[in-house]
Number of protein chains: 4
Amino acid sequence: MKRIGVLTSGGDSPGMNAAVRAVVRKGIYHGLEVAGVYQGYQGLIEGKIKDLEAGDVGDIIQRGGTKLYSARCPEFKTDAGQEKAIEQMKKHGLEGLVVIGGDGSYQGAMALTRKGFPCVGVPGTIDNDIPGTDYTIGFDTALNTVIEAIDKIRDTATSHERTFIIEVMGRDAGDLALWAGLAGGAETILIPEESYDLDEIVDRLKKGKARGKRHSIIIVAEGVMSGNELATLIEEKAGIETRVSVLGHIQRGGSPTARDRVLGSLFGARAVEVLLEGEGGKAIGMRNHLVVDYDMTKAFTEEHDADMTLYTLSKELSI
Amino acid sequence: MKRIGVLTSGGDSPGMNAAVRAVVRKGIYHGLEVAGVYQGYQGLIEGKIKDLEAGDVGDIIQRGGTKLYSARCPEFKTDAGQEKAIEQMKKHGLEGLVVIGGDGSYQGAMALTRKGFPCVGVPGTIDNDIPGTDYTIGFDTALNTVIEAIDKIRDTATSHERTFIIEVMGRDAGDLALWAGLAGGAETILIPEESYDLDEIVDRLKKGKARGKRHSIIIVAEGVMSGNELATLIEEKAGIETRVSVLGHIQRGGSPTARDRVLGSLFGARAVEVLLEGEGGKAIGMRNHLVVDYDMTKAFTEEHDADMTLYTLSKELSI
Amino acid sequence: MKRIGVLTSGGDSPGMNAAVRAVVRKGIYHGLEVAGVYQGYQGLIEGKIKDLEAGDVGDIIQRGGTKLYSARCPEFKTDAGQEKAIEQMKKHGLEGLVVIGGDGSYQGAMALTRKGFPCVGVPGTIDNDIPGTDYTIGFDTALNTVIEAIDKIRDTATSHERTFIIEVMGRDAGDLALWAGLAGGAETILIPEESYDLDEIVDRLKKGKARGKRHSIIIVAEGVMSGNELATLIEEKAGIETRVSVLGHIQRGGSPTARDRVLGSLFGARAVEVLLEGEGGKAIGMRNHLVVDYDMTKAFTEEHDADMTLYTLSKELSI
Amino acid sequence: MKRIGVLTSGGDSPGMNAAVRAVVRKGIYHGLEVAGVYQGYQGLIEGKIKDLEAGDVGDIIQRGGTKLYSARCPEFKTDAGQEKAIEQMKKHGLEGLVVIGGDGSYQGAMALTRKGFPCVGVPGTIDNDIPGTDYTIGFDTALNTVIEAIDKIRDTATSHERTFIIEVMGRDAGDLALWAGLAGGAETILIPEESYDLDEIVDRLKKGKARGKRHSIIIVAEGVMSGNELATLIEEKAGIETRVSVLGHIQRGGSPTARDRVLGSLFGARAVEVLLEGEGGKAIGMRNHLVVDYDMTKAFTEEHDADMTLYTLSKELSI
């Protein structure tokens, strides 16, 4: 293998740039040429491919977003689109591809691999929802963005003795809500992995007020329902007025935390090694504190599990 | 004057604690006793009044929210409510009161002053909408919170080539939107002080895209319309898809910036001096770089003016 | 067991408050009474012990430092001091003690355990230098403080084409320097675990300049030498002028990151369970992504190992 | 005037990029061509001059440092150096120059103006020490960096009952120390503008300890003495042990605050207007809340005054 490519796909996440930097520099370290593919699979089809030197990925490890850009690409889901992509890669002399993104991006990577073009997946998403890895790149940054928001909202909640509902991202996964709820000292956390009991929620609110708590914070994962829906349910059920804060897209941006930069670096570097070992169809992950690679199909055929011990602990500690 | 009180009222804002600390310590410095009134006018009516020593306001200058809490108090708008308040103040030996809050809070303070109980107003609100002062306590912190959010959103907007609408607070004033838009490099700013032209907005979006801009940021003050309403208008008018981020209550919290701590300190200290000079019915402000006091009625009878030179400049620089 | 105590000892670290909160609330959850010991072992000897209710540890999870304070206590290293401590604990009805601190604090805890008073250790230090756990409470926050500083210094280094030496904490461990160097994109990292080669350092500086790098960042762990000593060595060796930044005590403070809050919560809760299982002389840790307990003596008799794969990776990526 | 240049000189400061962006875009808005001069006066002499379009200064308003770089240039202090610079400017068709920097940079700009080449100065320095303007670009950001550091250090100071000496930048001016000390709630502030009394400092430390204060923060401006010198003085005088933190170069970096971005934008834009009005030899400033221009020589012939009311207030409030 002489020449590989790297692209970012799907929703961007902080730390993707660290992974891109690692792919480029680790590749160069091993004597490879590395090309950046701009705008994800769309750019791959259109041949938006440029050589990257070590200096081209300098000063990006601290930047949010992705310097390679990302894009939706319905065409790439078709056989014709994938053939175009392979044609472009042949034309540009690429022999392997590192795909940084979520499980949707992995499916595209697997399709290319099956057509004889080896791809390796690196988990980049704030949702932490990729089976086979304990952490994804961007999760830690998003999590800290959420707890900074919770800390700010608690100021005003305490001053005014209010109950706040904070809606956080995570798609179908509750990881962001769970970790943020525990770290933010939330009274109640609603996640898709666990059914909720409206009576219990209301009960906790009332008990908290009774023992003099000046604020209550409820974290709801977008995968359960919207913050406004929950506010309506609580209002209808118990006549309790709440304020809603939908954190939205600030969760996707920002300078990556140290951990996301290290994770991106470790994952990007390992992806290059796996390609060099001639193994396409693998995904990189962190499992029990070790960087691992595993069959990429696992990432979109199995289920991601949230760490429910955090859920239990949060309940015990928010008494 | 031997003994004064201090309360915070209306929406909380970062830096209120610096003002409370300044009132207490400046009062003590001048030989006064100072009492804190908890939960605004509601607490005043209910007699939630406690003596504060210098040490009681230690370690609060850096905290968001208000350690004296705040509350709504419809009862205080009535004559009966105000009489109860005066009764409590007499009971607790208070001879003057510093009220930290917005223009609504000033009206209450003016009512007490007219009933013979001298009050001085200190402008605390993130909206920067109080006539007679160039800046209010909390505005600078909220502004920086907004631009941090814009910076984060720009990461993802650039990565995905998207147009974002960011809705910011400010009630009827455009200050927060205006400053944040200029400082955040927004392409378009909508404020209540200036009519908007949907055609022009759409035109700027199209031109930006045409010359290769990867993102567009539109800031809309809540006093104009909601972010979602604007998104609908743009979609209907030009078929351009946008993303909306409603920053919400994070704008009210957070550790105050240096400037808000200094402003709070200056204003709180001056309020004590004005009370000592025997002058109730005054409001404290910053005017042309000087700390001033002025007739409090001005704050709720005149209009606040946004600095429209910033609006013009923003247009010129976001080409 | 009906009643336990908790104290913080040694250098404070962000997240200690989350651990204290977890000990108190988890204890209450299991029907225990929990008392806080103020000012570490010194306070234990002096009987500075107060009951803590669930509400007493509210609103502290986001605070840096330790609400229980810490202190040096040479007296506690003596047999007489330890006897006084046990006397106080008997007097206050304590039957077990959670000690949050570093390896020095563990030795005190082990001494008490050997005298029949069961203690459990929770690793709280920014240095990440406690054998038996992959992470300590406070490391993640300190690490992010360091990379924020590196990011700031890079601004000015790039603007002026300068080489910066940044001295970071860590006592005899290189973890903070290692992680920060990798995450901060440093060209060179000096840690106690690995000998350094001055020729190689100078060589990297020269090569970087030759290929047009506008800045170089060297991270040196305090356990190797001071930043100023290194600057002198480089100046003498190669006549290259550098700037030195000693980050100092800002590394110990600040609101804890999400991860340190979660780690503190997990560790504090587990410490209570271990005490309830009747096992003194244990330390809590995170090992391969699992919360574990292990023989406390391990923490001060074995060696802590830094993750040298990060060292190698950093060299490969900073080409 | 058809074509102007812009450069940054001296120590970099956050917000310089906002000023560069404003010069470029305001210039283009008025139909000018604008060229960036890289690496300050050194680059001017060497002809490192490149045309800048509106898009070239996109996405820089939020960046610390200066995208035009800066450099020392002893040669430019000579007549010969200045002649070379003018030659280059003629060669590149420049008819006016905006110089963003400190008073040293202004002297160079004045020399060029006197040789018939109109220059306008924009005050960019974190030291806030330029006569004729109330604020310089970068001061507000540096100030907030300092108070964040103070807030972090207070965590550990409180936990351990320690006295900290924090040395801050400012060259011969005390502004940074003064504002930071007031905003950070420091017990004592030492600035070059005011003689200090070691007895009084020690006395405050002792009184604070006597009334149970758990920490003391002393801010010393680098223009007075180093933090370590002060620590030695206090140790020798009263045997009181202190910890020293030298904040150093982190004070120069970081994403600019909203205010520094707005200030940079206002100043950069006004500089272009002043050049268009045909007036070289002017400096831009903010005076009593208004953007002004004034004779540039004032900036290096008069004295900068710190706002001593802040000094007095700080003393009154840190009781």
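Including glycine, each Cβ sits where the backbone N, Cα and C put it.
Remember, TrEMBL labels are computer predictions, not curated facts.
DSSP gives A:D127 (active site, proton acceptor) a coil state; it is part of no helix or strand. Around A:D127 (active site, proton acceptor), the C-beta neighbours below 8 angstroms that are at least 6 residues distant in the chain are A:G102, A:T136, A:F139, A:M169, A:G170, A:R171, A:A173, A:D175, A:L176. Look at TrEMBL and you will find A:D127 tagged as active site, proton acceptor.
Secondary structure at A:R72 (ATP binding site), taken from DSSP and collapsed to helix, strand or coil, is coil. Residues annotated as ATP binding site in TrEMBL: A:G11, A:R72, A:C73, A:G102, A:D103, A:G104, A:S105.
What TrEMBL records for A:R21, A:A22, A:V23, A:V24, A:R25, A:R154, A:G185, A:A186, A:E187, A:R211, A:K213, A:R214, A:H215 is ADP binding site. When other Cβ atoms within 10 Å of the Cβ of A:K213 (ADP binding site) are tallied across all protein chains shown, the result is 19.
Cβ environment of A:D103 (ATP binding site): A:D129, A:I130, A:P131, A:A299, A:F300 lie under 8 Å away, each six or more residues apart in the same chain. According to its DSSP assignment, A:D103 (ATP binding site) is helical. The annotation Mg(2+) binding site is assigned in TrEMBL to A:D103.
What TrEMBL lists as substrate binding site is A:T125, A:I126, A:D127, A:R162, A:M169, A:G170, A:R171, A:E222, A:R243, A:H249, A:I250, A:Q251, A:R252. Within its own chain, A:R243 (substrate binding site) has A:A157, A:R162, A:T163, A:F164, A:I165, A:A231 as residues 6 or more apart in sequence whose C-beta sits under 8 angstroms from its own. In three-state terms derived from DSSP, A:R243 (substrate binding site) belongs to an extended strand segment.
As annotated by TrEMBL, domain 'Phosphofructokinase' applies to A:3-275.
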Cα distance (Å, whole number) from A:R72 (ATP binding site) to A:R25 (ADP binding site): 27
Taking residues A:R21, A:A22, A:V23, A:V24, A:R25, A:R154, A:G185, A:A186, A:E187, A:R211, A:K213, A:R214, A:H215, which bind ADP in the record, the widest Cα spacing (Å, whole number): 57
Set of same-chain residues at least 6 away whose C-beta sits under 8 angstroms from A:H215 (ADP binding site): A:R154, A:A157, A:T158, A:E161, A:R162, A:T163, A:F164
Distance, A:G11 (ATP binding site) to A:T125 (substrate binding site) (CA atoms, angstrom): 7
Cα separation, A:G104 (ATP binding site) to A:V23 (ADP binding site) (Å, whole number): 21
Among A:R21, A:G185, A:E187, A:I250, which are recorded as binding-site residues, the nearest neighbour of A:R72 (ATP binding site) by Cα: A:I250
C-alpha spacing of A:I250 (substrate binding site) relative to A:C73 (ATP binding site), in angstrom: 24
Extra residues within 8 Å (Cβ to Cβ centroid of A:G11, A:R72, A:C73, A:G102, A:D103, A:G104, A:S105), ATP: A:S9, A:G10, A:G40, A:G101, A:G108
Residue among binding-site residues A:R21, A:G185, A:E187, A:K213, A:R252 with Cα closest to the Cα of A:G11 (ATP binding site): A:R252
Of A:G102, A:G104, A:G185 (the binding-site residues), the residue whose Cβ has the fewest other Cβ atoms within 10 Å: A:G104
Interface-proximal binding-site residues, chain B, C-beta separation under 8 A, candidates A:V23, A:R243, A:R252: A:R243, A:R252
The one of A:R25, A:R72, A:R171 whose CB sees the fewest other CB atoms within 10 Å, among these binding-site residues: A:R72
